[in-house]
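A quick write-up on the structure given underneath.
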């Protein structure tokens, strides 16, 4: 069985370690755990590995956030992966820093990357793992906040939720979304 894991973010050195790029950071960690490297291909950086009989394809769109759906649609079609076998990793202002929430579907909640996915996939019914980045910004500064780098003290706290996100991705591919949601949304450690 094949799975497509889509990490949302922006390409370029200036966006590394920014809140908006947490999807890229999670995929970088997962690739490192499985000793695979990303290669540039059509509309994305891509890599893959096998896990418990499943093929996991990881993409980091090179289209920038606002056109992420274009890359997702291309790879879903090319690899012939059903939408329910995709998982999008996305930053979320509505969740506290480091909090993870797995959902089978939902609205974009104003997130441009998710809006793009909805536009290209023609549905809101695709699984997503929301990664809380907090909301410590003044009114009107949301854009600056999501494009800002994590503070040093936050960086030291990211390791645990990033590792947990990697476990959730693997659980999603082996146990399915319902059982994985029961575990991760209840804050039970995924083993």
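For all residues, glycine too, the Cβ spot is worked out from N, Cα and C.
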In Swiss-Prot, 64, 66, 112 are given as binding tRNA, so which of 15, 145 is in that site too?
-> 15
Among all chains shown, work out which of the recorded positions 10, 66, 112 has the most CB atoms within 10 A of its CB.
-> 10
Distance from residue 91 (site 'Stabilizes the basic form of H active site to accept a proton') back to residue 64 (tRNA binding site), taken between C-alpha atoms, in Å = 14
With residue 91 (site 'Stabilizes the basic form of H active site to accept a proton') as reference and a Cα-Cα limit of 10 Å, the qualifying recorded positions from 15, 20, 66 are 20
Simplified DSSP label at residue 64 (tRNA binding site) comes out coil
Hey, how far is residue 112 (tRNA binding site) from residue 10 (site 'Discriminates between blocked and unblocked aminoacyl-tRNA'), Cα to Cα, in Å?
-> 12
In all the protein chains shown, the tally of other Cβ atoms within 10 Å of the Cβ of residue 64 (tRNA binding site) is 16
